[in-house]
Structures are given as structure tokens and as C-alpha cells.
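These notes are about the structure you will find just below.
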Amino acid sequence: MAVFLRRFLWLISFTLVLTDDNSVENKFYIAGVVEYRPTFMGGTSEQLLQANLAGYLEIMASGNGTTDIIVFPEATLNSVITLTAVPKFTEQSLCEEQGDDDPEIAPFLRSLACAAREYGTYLVVNVKERVSEQCTSDETCSSRGYSIHNTNVVFDRQGAVISRYRKWNLYLEPSTNRTESPEIATFTTDFNVTFGHFICFDMLFYTPAQDLVEQLGIRHVIVTKMFNSELPFLTASQFQQGWAWANRVNLLASGGSLPQGGISGSGIYAGQQGALARLMITDELVGQRKLLLAKVPLDPEEPIATDEILEPEIMTPVKLKLLQQPELKNFTTWELPMVRGSSVDKRICQEDLCCEFRVTWTLEDTQPEYNYRLGVWVGQRRYEEEQYSAIRLCGLFACKGASVESCGLVSEEEVHLQDHRVVFTDLQILGEFVRRPRRLILPSTLSSSSFYALQPSQLAWSMEELANVTRIKMELRQPHSQLMTFAIYGNYFDEYANGGAGRLGTLLFLLITPLIMMHLFRE
């Protein structure tokens, strides 16, 4: 009997060890995001499509079947000349044709379904989709008889379509249609993760991005991007990391790679644990095709037992074409005196936002490469079209010259000498941000050497909810000699619907229809 009990207890303990090992393994999944340089010149539309498809298949093969999910970026595959239908769901793999399939499903989409099956991975791609119009009269039909959508399509490991999303917030896409109402797209995997997904410009607005996180509780998010970076607060990887941090979610962000047009930036981020993999092409005019891989925790707040990514501080010329924040002239700012061994405590206010700054710095030369300003801004910013965000921010940012208009410009002499730097040894920002039902407040940080955000070992962040405000403290954990941006960035999605700054003209612009708005701007 004693022997039996010993053997029984040994068997139980062995089983528990196996169970524990499996549970450790099952705490992660392997994700890949692709920074992709599209082929867009040098052939017919069909030839360009085939060249991009070949690039996609080559990248998928390079993963060697190790990934659980691969994400490709926005607008890097087909064009409005080589459209495809996209089914919402399919019971069977799209790899083989079924009798009731839409005849407008293009062969390239089937090739990708076959690749998903071959490599046993979930696959997210972005396509230009053709949707035949169901017209009841000539008045309801467009001249071309079909609509075009900017669409994400998701395949499971067998190549079946399990999710589709059509972009809601369009950005400089005159030939693309919107759906009648926004779509909220999710899918659940066999590794017990439910993903939400959207496209590029959507990330700056509440719907659908924040709907996924706040209304549905999604903690794993995918975004396909062709993002134009803007200094000092909205470069691609900087914004991706801040967004994942503020929402405490895992984010898989796949970006197009056209640095000559200001487009680059991909990464995998685990909430407030920072970047697990990331890439910004800043020192070249030609983009890359690269698969970034990371072991992603099922729980974004579960501590990761891997070394933090800290890129080397190697200064190289910045060739990435960058946009500039359009409202800098309206900031309330104060210029830091470029005096060696200085320290300052400063309180700056604008409208309902006051921020307290504590800064200590030293110079490694009497003529540093950048000047710096402390600034606060409450206002509304415009993007390239008649689309707006209400912003509250306060921070420190680099300026090419003495004027505030030079902030967010990269120095032309991008041979960053070691002795031309400003070293910040102490930096703290304390801000009280008015509470609103729908807003997102995130850390916005950027290093001039790498164009990446600061990692958790370099940044401390805390939030305290009070009666009418949220008190946020942001602090530099260690000295830093290559800061471009160190700021608290608040996006207030419903500012005017919730008793905001009271700009009546802006409120009216938000209420009238886009057609009338375009007419007014033309006038």
C-alpha cells in the first residue's frame, strides 16, 4: 500500500509539473508584424500586384511556420485597378474555390489564404475591396456601379476568412468609400485571444479604436498602417507605443515603409511594458521589407521575463520626411536657457490646463544642437482634411532654433556630435487634466538618436483620479542626452459635446455635414 501511495503521489507531482510547464508556454503567443516597402512603379498594375504578392509570400516563408499570427500593413498589396471582393466570413478555406463563392474574389487573395494554411498561421492583410452596389434606381448608383473600401481581411490557420473591417476614418483617400455606419471588427483565435482590428487613421479617433478597448474590453489590438509621422508628438512608433501604454493593451502595428514620403514605423507593444519589437526607418530614403517577431504575453500586464529593448544611441542623419505640428504658434511656451548646470521649476497654464515642470540639465558644449521649450496647449488641431482632434498637452520638446515655429524641425546638420548634446539629469511634469467621459491621455516621448519612445526603465508614469481632474505625473528615471520629446498628450474625443473649451465656431463645424464643411472651406 505504501509503495502504491508513493507511486501515486509521484504521478500526481509529475502531472502538476507538466501542467505548470504547459501553463508557462501558454502564457504567450508568437506574433509577427511586417514593415513593408511596396512596389508601386515600374510595371502594369497587375505586375505591381504580383511583385507585392511575391514579397508577401517570401516574408511569410521566412517565418518558418513559427508564428501564431502575421500582420501586413495598409495599402501595400493591390490598388484601385486590381480590386478584389472580400467575403465577411467563409466556412471553408478560401484556398479552394467553392461553388457559391463571389466571382469577384481575386486570385491573389486565394494565394494568401493558401499561404496561411501552408504556414499554419493567422494572417491579417489590407486590400482595396470592390463591393458591387445594390442599386434600386439611378439616383442611388455611382457612375462606376461599385464602391471601393480600404479593408482588413483576416484568415485563420486554414485560410478561411474569419473577420473583415472596412476603414471608417479615411485620410486623403478620395476614391475610397465609407460604410453607412462604423464597423467594429473582432476575431477569436485557437490560442484563446480575441483581437480587435482597425486601420491607420482610425487610431486617432474614438470610433472604432477606443470602442474596442473601452466598450468591448479588447486587450489585443491590431492596426494596419501607412502613417505619416509628425513631430514633435505623433511619429509612428512613438504614437503606437504611447497608445498601447495608455490603453494597457498589446498592440500589433504593421506599417508601410516609404521614408521618402514620411512613412515608416512598425512594432509590437505590451502595454506599460513597452516595445517588444519595433522599427523606424529614419536614416534611409528607401524602405525595408522586414518581419518583426516577438513573444507576446496573453496578459499585457503580466511581467515579461525578457530583456528590455534599448537601441544604441548612434546618431545618423534623419532622412525621413516629417510633418510638423500645425498649432505650435498657439502654444504657451518658455524657452530653457542653454546654460551649463541649470535647474528650473516652472508652472505654465493655458485655459483649464496647468502643468508644473521640474528640470535639471547640463550642456556638453556651449552651442547645443537643439534648443528646448516647455509648453502647454489646449486647442483643436486639424489634420490634412476637415478632420479634427481636441488636444490638451504639456511637455518638453526640441527646437531647431530660438522660435517656437522651429520646434519639431530636425536639424539640417544631422551629424550629431557627442559634445553638442543637452543632458537632462532630472525631468518631471505634473499636470491636472480635466476629466471627460471619452478621452485618452498617453505618454509621448521620443529620442533624437533613434526616433523611438522611451522604455519603462527610462520613464515613470502615474495617474490619480480626483473630483474634476486627473493628476498625471511623468518623470525621467535616468539621465538622457538625446531627448526630442517628453510630454503628456491628451486626446479629448468628445470635447465640445461635454462642455469643453466653448469655441462655438468649432462646435458648429463639428455639427454640420462634411459636404457643407468642404463648401465653406472652399469659399
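From the backbone N, Cα and C atoms, a Cβ is placed for every residue, glycine too.
Taken from Swiss-Prot, the feature signal peptide covers 1-19, and the record attributes it to sequence analysis.
Swiss-Prot lists 29-298 with the feature domain 'CN hydrolase'.
The DSSP secondary structure for ASN64 (N-linked glycosylation site) is coil. According to Swiss-Prot, the feature N-linked glycosylation site maps to ASN64 (among others), an assignment based on sequence analysis.
Look at Swiss-Prot and you will find GLU74 tagged as active site, proton acceptor, backed by sequence analysis. Around GLU74 (active site, proton acceptor), taking its Cβ as the centre, 26 other Cβ atoms fall within 10 Å, counting all chains.
Sequence annotations record features per position, and here Swiss-Prot assigns active site, proton donor to LYS167. In sequence order, HIS149, ASN150, THR151, GLU173, THR176, ARG178, PHE198, ILE199, CYS200, PHE201, ASP202 constitute the residues six or more apart from LYS167 (active site, proton donor) in its chain with CB-CB distances below 8 Å.
There are 18 other Cβ atoms within 10 Å of the Cβ belonging to ASN177 (N-linked glycosylation site). Sequence annotations record features per position, and here Swiss-Prot assigns N-linked glycosylation site to ASN177 (among others).
Sequence-distant contacts of ASN192 (N-linked glycosylation site), defined as residues of its own chain at least six apart whose C-beta falls under 8 angstroms from its C-beta, comprise ASN26, LEU298. Under the heading N-linked glycosylation site, Swiss-Prot lists ASN192 (among others), citing sequence analysis as support.
Classification of CYS200 (active site, nucleophile) by DSSP places it within a helix. What Swiss-Prot lists as active site, nucleophile is CYS200.
Neighbour density for ASN330 (N-linked glycosylation site): within 10 A of its CB lie 14 other CB atoms from the protein chains shown. In the three-state DSSP classification, ASN330 (N-linked glycosylation site) falls within a helix. Residues annotated as N-linked glycosylation site in Swiss-Prot: ASN330 (among others).
According to Swiss-Prot, the feature N-linked glycosylation site maps to ASN468 (among others), an assignment based on sequence analysis. In sequence order, VAL434, ARG435 constitute the residues six or more apart from ASN468 (N-linked glycosylation site) in its chain with CB-CB distances below 8 Å.
If you look up Swiss-Prot, you'll see ASN498 marked as GPI-anchor amidated asparagine.
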Integer Å distance between the CA atoms belonging to ASN330 (N-linked glycosylation site) and ASN177 (N-linked glycosylation site): 35
Recorded positions: ASN64, CYS200 - member with fewest neighbouring CB atoms within 10 Å: ASN64
Cα distance (Å, whole number) from ASN64 (N-linked glycosylation site) to GLU74 (active site, proton acceptor): 23
Per DSSP, three-state class assigned to LYS167 (active site, proton donor): coil
